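K.L.:
So TrEMBL says this about it:
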- 2-43: repeat 'WD' (REPEAT)
- 45-86: repeat 'WD' (REPEAT)
- 88-129: repeat 'WD' (REPEAT)
- 131-172: repeat 'WD' (REPEAT)
- 141-302: domain 'EML-like second beta-propeller' (DOMAIN)
- 184-215: repeat 'WD' (REPEAT)
- 217-258: repeat 'WD' (REPEAT)
- 260-301: repeat 'WD' (REPEAT)
- 303-344: repeat 'WD' (REPEAT)
- 346-387: repeat 'WD' (REPEAT)
- 388-429: repeat 'WD' (REPEAT)
- 430-465: repeat 'WD' (REPEAT)
């Protein structure tokens, strides 16, 4: 066993002569080991600012290439341990895979931005790309032994073969990469939704038409992770990989304070207080910070205690406390006046805690984690009251309904789900997204859910059926006991299967949807979809279904 990394190890590879092993880790380092003794060959290679996803030796074993979630590639001299080339830039999202060509002349990379790039291994110049054809993130790249061709595989389910001998391939115009939405939040009146995305834009959308009504608001220089509407409807706040926050006028999109600076690394989340006077933010720098909305200035010292990135923050309803969660698997509750935690860290999750939220009365805290579970905690004692949701993959986002009776979640299985907050029973599964659901929120009246996904779409769902089935006393509208509180699947007149077929309640085939259009299809209870590039509508007015099939033929 080779031990030395302090976080997940993402990639390992042998050197060409088999004498060394290189590894890449979430601790942001690359380590090289002696394959026989298991000892580290020198100090860890440090330089990346985020998780390192992949490593590759040069053919002569003297150099090592690495790529990272920080969107860069580095080339290391293994004799000195220094970066000799890079950081190589060009990708607009996480770089998942890097490989040397067998002849050692170039490096190829694949990214979450759905492209492949080829760099000169001597100068670092982009000599080919971005190569665009994949519709989702590129997971891996490999060069053929003759260094003439390149294979890539993607989350879109395809493998592609590229000719890399033609250094004049028609990809020099750098076409725009479609956005990936990272976060969505309703306006206070529920008529609009604000979104943040990987291309650095902030947009405001009309929930009835799906049209942009404000923006894109463009000032951030990197991806925008978090976004929030102020409860008074006057402002929008955004948090970005460029280590800044910005505050915008929700009326005309004016950048009110310019870049709000203080964090020393990516800002991952931002929320307003209930009275719209304060902002709270969390960052990869492991701190939580409080800001004055009117001045844009930081109040007091940063809240320190987490030993990992802070992924989500929220104010208590009376704004006296802040809750935060982190990749250190814990949740902390802070007194914003003293800067100290008011109870011991909430422990129980066995993976990064991605999302936290106070209930509207401030008595409970909701959390969702990469351990595939959600928990509800007593906000005063820190006691775990309920654990649920373990069958739906990593939980990326959670939220309470305004009355505290429902919980909504988004997870990496592509679903958003609605749960009974009293017993943790599943009420409704919202199917439609084709990739991870990154952000969810219930509207102020509890009737709709907004979600966004790495498939590049925002969806709005009618969940009013759940409100009709849930009461504080666990009763249905007809007065009978609500068994598990689940809204039956028959409430959906049809659904889209993973193979592309739209089927009815009896699983009978209705219509087949091509794979490139599946992320854009609107199915109940989905009321509205905001797609990454285009939308389409299937007109069923003249379709002969069921027993009407005979009308397709004339005697």
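Glycine too: its Cβ is placed from the backbone N, Cα and C atoms.
Please go over these features one by one and say how buried each is and what sits next to it.
P.N.:
For the repeat 'WD' (2-43), same-chain residues at least 6 beyond its ends with a Cβ under 8 Å from one of its own Cβ atoms are 49-57, 59-61, 64, 66, 68, 76, 78, 81.
Across the repeat 'WD' (45-86), the prediction's mean pLDDT works out to 92.
Beyond the ends of the repeat 'WD' (88-129), by six or more residues, the same chain brings 50, 53-60, 63, 65-69, 71-75, 135-147, 150, 152, 154, 162, 164, 167, 169, 171, 177-178, 180, 198-199, 223 to within a C-beta distance below 8 angstroms of the stretch.
Under 8 Å from some Cβ of the repeat 'WD' (131-172) lie the Cβ atoms of residues 93-94, 96-103, 105-106, 108-118, 435, 454-455, 515-516, all in the same chain and six or more residues away from its ends.
Only residues 6 or more beyond the boundaries of the repeat 'WD' (184-215), in the same chain, are considered here, and those with a CB under 8 A from a CB of the stretch are 92-93, 112-113, 176-177, 221-233, 236, 238-240, 242, 248, 250, 252-253, 439-441, 443-445, 448, 450-452, 458, 460, 528-530, 535.
Under 8 Å from some Cβ of the repeat 'WD' (217-258) lie the Cβ atoms of residues 92-93, 182-189, 194-204, 264-272, 274-276, 279, 281, 283, 291, 293, 295-296, all in the same chain and six or more residues away from its ends.
Helix, strand and coil counts from DSSP across the repeat 'WD' (260-301) read 0 helix, 23 strand, 19 coil.
Same-chain residues lying 6+ beyond the ends of the repeat 'WD' (303-344) with a Cβ under 8 Å from its Cβ atoms: 266, 268-275, 277-278, 280-284, 286-290, 350-358, 360-362, 365, 367, 369, 377, 379-382.
Outside the repeat 'WD' (346-387), and at least 6 residues removed from its termini, the chain residues within Cβ reach (under 8 Å) are 308, 311-318, 321, 323-327, 329-333, 393-400, 402-404, 407, 409, 411, 419, 421, 423-424.
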K.L.:
Do any residues of this chain, six or more beyond the ends of the repeat 'WD' (260-301), have a C-beta under 8 angstroms from a C-beta of it, and if so which?
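P.N.:
For the repeat 'WD' (260-301), the far contacts come to 49-50, 222, 225-232, 234-235, 237-241, 243-247, 307-315, 317-319, 322, 324, 326, 334, 336-337, 339.
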K.L.:
Looking only at the repeat 'WD' (88-129), what are its DSSP counts of helix, strand and coil residues?
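P.N.:
DSSP composition of the repeat 'WD' (88-129): 0 helix, 23 strand, 19 coil.
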